[in-house]
Structures are given as structure tokens and as C-alpha cells.
Amino acid sequence: MGKIIFYEDRNFQGHSYECGGECSDLHAHFSRCNSIKVESGNWMVYERPSYMGYQYFLKEGEFSDYQRWMGFNDCVRSCRMIPQHQGSHRMRIFERSEFGGQMTELTDDCPNLYERFHYNDIYSCNVMEGSWLLYEHPDYRGRQYLLTPGEYRRYNEWGSMSARVGSIRRIAM
């Protein structure tokens, strides 16, 4: 079981809300979020309700202001705990929608997609094992997108507005 605590003000001050699982709309519990403590588990927090908008991956630790979790603002409206996965990770990425074009299989992290494979647009993917994070830029920077096991026929199915991916990281315990 995981535990995350949201605080309205920086440095863990002001009104707080403790959450132990998935919540699709946090607005009833706080109006803004300027700091977070993750006491256990790996979490994705989302800028908008229903797991929409900017996504931020948080693992156990303290984040004294939203810039510490790479947030663009103090708006957090939904969250979910990422299931722990023991074992291997495996994902296939494709250069076209609907699993078309060249396919590449990944089993480990990739800090720079272009340097490794000479392309940086992923139009579809199939996550077979483990959970993964796609980053907009190389070296695990920029917008983040959580992918759990399943098929993603187009990049908008993982919440992106673009096929551009700079780096990919496994979510390990």
C-alpha cells in the first residue's frame, strides 16, 4: 500500500491531504499543491482530473515545492499509484501508428533515443512487461508519460500531443 501527502503551501505547510490509492479528482480536498511527501510507493500525479494534462512521476521522498518534481505550476488534480513490478521490462516501439513501420524492442533504459536508434518519433507501442516513462527530451527531461502494460495504437493514447520522444526509462522498485 502506498501513501502520498499533498500540501497546499511550500515546505509542507498549510492544509494537507493524505492519499493511499487512486483518486481521479483531488479538487475537493485542496485548491492548490505546492509540496508533496511520498512516504511509500511510486506515483503519477496529474495536472487535471481523470488523469489528464501534465504527468509527473514521483518516488519516495520529499518535494518542498512544485519545481522539485519538475512541475509547471501548483495544479494537481488526480493521482494514481504505479503497481510495483518485479522482473523484466519489455516494450516494442514503432515508427508508425497502428504498429506499423520499423519495430524496436526495448528491455532497458534509453537516455537518448535518437543517438541509439537514429529516430525520435514513436507513433505506437506495445508494453508487454513492466511500467515505463517516456520523456519528451533526451536525458529524462521534459514532459513525462506513463505507459503500463497494454497496446498504444497512437501517441495520443498515452496523453501526448506529439510523437516526439527523447528518452525512455523503466520504472523499477
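Quick reminder: no glycine exception, Cβ is built from N, Cα and C everywhere.
TrEMBL entries are annotated by machine, without manual review.
If you check TrEMBL, you get these features:
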DOMAIN    2-40  domain 'Beta/gamma crystallin 'Greek key''
DOMAIN    41-83  domain 'Beta/gamma crystallin 'Greek key''
DOMAIN    89-129  domain 'Beta/gamma crystallin 'Greek key''
DOMAIN    130-172  domain 'Beta/gamma crystallin 'Greek key''
Positions on the same chain near the domain 'Beta/gamma crystallin 'Greek key'' (2-40), where near means CB under 8 A and six or more residues out: 49-51, 58-66, 69, 74-81
Secondary structure content of the domain 'Beta/gamma crystallin 'Greek key'' (41-83), with strand meaning DSSP E or B: 7 helix, 22 strand, 14 coil
Integer average pLDDT (0 to 100) for the domain 'Beta/gamma crystallin 'Greek key'' (89-129): 96
